[in-house]
Amino acid sequence: MSDYWTTMASLLGMLAFCQTIVQLVFPPELRLAFLHFLTRIRHVFSSHIYFDITEIDGVNTNELYNAVQLYLSSSVTVNDAVSSSNNNTRLSLTRVPNSSSVTFGLSNNDRITDVFNGVTILWEHVVVQRQVQSFSWRPMPEEKRGFTLQINKRDKALVLDSYLDYIVGKSEEIRRRNEERLLYTNSRGVSLDARSHPWDSVRFKHPSTFDTLAMDPEKKKRIMEDLREFANGQGFYQKTGRAWKRGYLLYGPPGTGKSSLIAAMANYLGYDIYDLELTEVQNNSELRKLLMKTSSKSIIVIEDIDCSISLTKRGKNKKKNGSYEYDPGLTNGSGLEEPGSSVTLSGLLNFTDGLWSCCGSEKIFVFTTNHIEKLDSALMRSGRMDMHVHMGFCKFPALKILLKNYLRLEEEDMDSVVLKEMEECVEEAEITPADVSEVLIRNRSDAEKAVREIVSVLKERVVKRRKSVGLKKKKQEGQEEEEEAEEEQEKRALDSPNRRNREVCGFREEEEEEDEKEK
């Protein structure tokens, strides 16, 4: 036994000596080239072929990586793979906030087997730690992630032709089946995180739909038809040479349902929402970076664009270089103005209708404002904001929808006299759907009480509005009378000097005549 350990010690000493000699004699570059050569030789004589699918491709996220990750994380695929693989496969389980399902995934540097058309395919989740860099122009993730696909060489055509397309299609199907959309917001100052993501996301679970949306049915129908034609119009946009995008401008008083309409659009189309906060974007370059990182089939929203940044009527707050700085009255929430932050109007226009707006496809831009008269006309023209949707005060059809949503009351369930009162008052009351909803929520347990209070509120608003209109008319009449009196005084003031001049001139003429008579 002692001879065995003596032999092992001698062998280890010999290996250590040889390693030291190799490191001293051969430079690192030569050793690395030799290892690469050995790897290539091994691949030549190997019966398998390998494909690497990295998470990040240059500056962009690899969509194929996301598709593979979603495909492998589906519970059905994982169960099938585990049953056909060895029992040592390690899976990671995650559940993100607001999600209704548990997500499966491969652990770091673990493998899983998939079967496609009778062909066995091996997937490996490769995670490599990056070396710490003392300086870098762009932050890099601490880990380099990717999937390695291993198949037999004779099955190469199968993978390239159909398997990857199958994975992409399956991932889209899984996502539609899960019905989980994402709501994104831009990071402060577009500071890219470790994985080059300028957007932070949460699960989007807004219940608003076009069925529950309180607005005119005809207007709602036109919007749904326009959205449907857009989603199915890939061939049309390609044939006409137009970018596959659409712009909507929602304008109207606060509380009229602009945000609810955006949520209903996302639920109707199954699109993600990117809520762009312009006050967090410092310049046009960062605006382009944000657009580059948005996905297809998404709605890009800028709410209250007239308040977010001073991009209203041209000529106001304009610098010499043509840019529009933040309004000094607008702060970052802490009471401090962002120094040196500016986005030009041309940058925003190019964001919606320039070359950069073609990044990706099937995108919808939605701007909202409470004061459309403040916006620059260049921002509202067709091609940028294709459809202008006025979100006005609550009308009788919208009121009936709210009664159905909150109280489960149909038109035939209500007294015709009460309905007539509502129909007569709601137009003149100028009440928002949000105010009506608040009354119904307070009394949702008692439908009769809710209806009585709605009628009472509508009548009170009508009386107040009539009084307000009457006061305005009286004020206008008073102003008109004052203006007339002032004009009359001005005329008198102008006439009095002329009259004096005439009197003086007449008196002088009489004196001259008397002097002539005396002579």
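All residue numbers here begin at 1 and follow the chain in the order shown.
Each Cβ is built from the backbone N, Cα and C atoms, and glycine gets one as well.
Since we're looking at a predicted model, the values are computed, not measured.
DSSP assigns T256 (ATP binding site) to coil in the three-state reduction, placing it in neither a helix nor a strand. Of all Cβ atoms in the protein chains displayed, 23 besides its own lie within 10 Å of the Cβ of T256 (ATP binding site). For G252, P253, P254, G255, T256, G257, K258, S259, the entry in Swiss-Prot reads ATP binding site.
What Swiss-Prot lists as compositional bias 'Acidic residues' is 479-488 (among others).
If you look up Swiss-Prot, you'll see 489-508 marked as compositional bias 'Basic and acidic residues'.
The compositional bias 'Acidic residues' annotation in Swiss-Prot covers 509-519 (among others).
Summarising the annotation, Swiss-Prot assigns region 'Disordered' to 315-335 (among others).
Annotation comment: Swiss-Prot describes 467-519 (among others) as region 'Disordered'.
As annotated by Swiss-Prot, signal peptide applies to 1-24, with the evidence given as sequence analysis.
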Mind telling me which of the binding-site residues G252, P254, G255, G257 has the densest Cβ neighbourhood, counting other Cβ atoms within 10 Å?
G257
Test of understanding: give the count of other CB atoms lying within 10 angstroms of the CB of P253 (ATP binding site).
14
With a 10 Å radius around each C-beta, find which of these binding-site residues (K258, S259) has the fewest other C-beta atoms nearby.
S259
